[in-house]
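K.L.:
Below is a structure I'd like to ask you about.
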Amino acid sequence: MMNTEGNNGNKPLGLWNVVSIGIGAMVGAGIFALLGQAALLMEASTWVAFAFGGIVAMFSGYAYARLGASYPSNGGIIDFFRRGLGNGVFSLALSLLYLLTLAVSIAMVARAFGAYAVQFLHEGSQEEHLILLYALGIIAVMTLFNSLSNHAVGRLEVILVGIKMMILLLLIIAGVWSLQPAHISVSAPPSSGAFFSCIGITFLAYAGFGMMANAADKVKDPQVIMPRAFLVAIGVTTLLYISLALVLLSDVSALELEKYADTAVAQAASPLLGHVGYVIVVIGALLATASAINANLFAVFNIMDNMGSERELPKLMNKSLWRQSTWGNIIVVVLIMLMTAALNLGSLASVASATFLICYLAVFVVAIRLRHDIHASLPILIVGTLVMLLVIVGFIYSLWSQGSRALIWIIGSLLLSLIVAMVMKRNKTV
């Protein structure tokens, strides 16, 4: 883990450094995995869902920015829970839920990696066992990588952020020249169920903005820089997502979208950039998903280390097993693999979206409770809280009306986090 005291004598981070962290965290594997899923629900109106998702992220980013500016640390959301909600059962349950949310996100991204790998290496095939094989394989490889080295994660991400952005910008520029307005005109508004389902999924593509808060302790003037960084990073990402959605719906037919929803970005590249462009985008997607799994595993392991040092996990979880890995790391990885095998990409996206929304709603509660200390605007926080509540209720209702089994996993995640927290407190584990 990084030592944050005195910033290790390194030059403090400026505005564009923090913005780069935010864009890199948001514009990652999520867009490769989620764009097709969102387009299946909203079709020509997909860009509207990404725009609304960006607005929700802006409100949430405001709460995050004020907390990060006032309480700079590398603990991020876990530290916010402790400060605003104390060290009781509720705070611990939210920390466990956030940890579980990251685990579900890894499973989702692994599924996307498997889909792109099969599309690239077994053209025309959509065999489930092949997708699962590649998905489980990349989780195992990245777990091993994290067990051997901590230092390579950051450097790898910097390189891959540049590659991802260049590939996506190339796709957008090519798409603008061949944009077909008739394909992206909204003839009828989507149903409320489709709208809220899509908002929940698109918000997941923005969820990485929280990573900027983890860098607050390395910023020269966090009170000034953090709010600006959140605004710029989320704004740029929103424009990028809207552009990608317009390009996708303009050049990929509904039939292709239904068949290749998990690899929609690559399908959009084929008519725009030819076979070479298609190969470049697929390789970019594989690199993006692999690096996202790597970075998220790194985050999960560090959060577990942080929670262990605060005595918020059983001692066994932090007991060393091999190199830098612990028993807790292995238990979480096994859980991730089980979820990868049990749920498809769409269901995993729904579970991760719902639990992310709930965790970020809790950040609003923390910000409201600490509003005087963090110099936050109460009206903005209240509006943001109400918007987040509306999205959560609408998203859950849409899943219920569809009879989605993801709802069972969402409820199970909430109950599991709460029960484990209660048991740990009762047994004085923490």
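Just so you know, glycine gets a Cβ as well, placed from its N, Cα and C.
From Swiss-Prot, here are the annotated features:
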- 1-14: topological domain 'Cytoplasmic' (TOPO_DOM)
- 60-88: topological domain 'Cytoplasmic' (TOPO_DOM)
- 110-128: topological domain 'Periplasmic' (TOPO_DOM)
- 150-157: topological domain 'Cytoplasmic' (TOPO_DOM)
- 179-192: topological domain 'Periplasmic' (TOPO_DOM)
- 214-228: topological domain 'Cytoplasmic' (TOPO_DOM)
- 250-272: topological domain 'Periplasmic' (TOPO_DOM)
- 294-325: topological domain 'Cytoplasmic' (TOPO_DOM)
- 369-379: topological domain 'Cytoplasmic' (TOPO_DOM)
- 425-430: topological domain 'Cytoplasmic' (TOPO_DOM)
- 15-35: transmembrane segment (TRANSMEM)
- 39-59: transmembrane segment (TRANSMEM)
- 89-109: transmembrane segment (TRANSMEM)
- 129-149: transmembrane segment (TRANSMEM)
- 158-178: transmembrane segment (TRANSMEM)
- 193-213: transmembrane segment (TRANSMEM)
- 229-249: transmembrane segment (TRANSMEM)
- 273-293: transmembrane segment (TRANSMEM)
- 326-346: transmembrane segment (TRANSMEM)
- 348-368: transmembrane segment (TRANSMEM)
- 380-400: transmembrane segment (TRANSMEM)
- 404-424: transmembrane segment (TRANSMEM)
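How buried are the listed features, and what sits near them?
P.N.:
Per-residue confidence over the topological domain 'Cytoplasmic' (1-14) averages out at a pLDDT of 51.
Within the same chain, residues 1-2, 4, 94-95, 98, 209-219, 222-223, 225-227, 229-231, 233-234, 303, 306-307, 310, 359-360, 362-367, 369-370, 373-376, 380-381, 384, 388, 425, 430 sit at least 6 positions outside the topological domain 'Cytoplasmic' (60-88) and bring their C-beta atoms closer than 8 Å to a C-beta of that stretch.
For the topological domain 'Periplasmic' (110-128), same-chain residues at least 6 beyond its ends with a Cβ under 8 Å from one of its own Cβ atoms are 29, 32-33, 134-136, 138-139, 259-260, 262-263, 266, 279, 282-283, 285-286, 289-290, 293, 336, 340, 344-345, 348.
Outside the topological domain 'Cytoplasmic' (369-379) by six or more residues, the chain places 62-63, 66-67, 69-71, 83-85, 223 with a CB less than 8 A from a CB of the stretch.
With a threshold of 8 Å between CB atoms, the same-chain residues lying at least 6 positions outside the transmembrane segment (89-109) that come near it are 29-30, 33, 77-78, 81-82, 135, 139, 204, 207, 289, 292-293, 296-297, 299-300, 303-304, 307, 312, 332, 335-337, 339-340, 343, 345, 348-349, 351-352, 355-356, 358-359, 362, 413-414, 416-418, 420-422, 424-425, 430.
Taking Cβ pairs closer than 8 Å, the transmembrane segment (193-213) reaches residues 18, 21-22, 24-26, 28, 30-31, 34-35, 37-38, 41-42, 45-46, 49-50, 52-54, 56-57, 60-61, 64-65, 67-68, 76-77, 80, 105, 226, 229-230, 233-234, 237-238, 241, 349-350, 352-354, 356-357, 360, 391-392, 394-395, 397-399, 401-402 in its own chain, all 6 or more past its ends.
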K.L.:
Counting only residues 6+ away from its ends, which parts of the chain sit with a Cβ under 8 Å from the transmembrane segment (158-178)?
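P.N.:
Sequence-remote neighbours of the transmembrane segment (158-178) are 20, 23-24, 27-28, 31, 240, 243-244, 246-247, 250-251, 265, 268-269, 271-273, 277, 280-281, 284, 287-288, 291.
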K.L.:
When you check the transmembrane segment (348-368) against the transmembrane segment (273-293), do you get at least 3 Cβ pairs under 8 Å, counting only pairs 6 or more apart in sequence?
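P.N.:
Not in contact, no.
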K.L.:
Take the transmembrane segment (326-346) and find every residue of the same chain, 6 or more past its ends, with a Cβ under 8 Å from one of its Cβ atoms.
P.N.:
33, 37, 99, 103-104, 106-108, 110-112, 115, 132, 135-136, 139-140, 143, 146-147, 261-262, 297, 300-301, 304, 308, 313, 316-320, 406, 409
K.L.:
Below 8 Å between Cβ atoms, which of the listed ranges 129-149, 229-249, 404-424 makes the most pairs with the transmembrane segment (273-293)?
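P.N.:
The stretch with the most contacts is 129-149.
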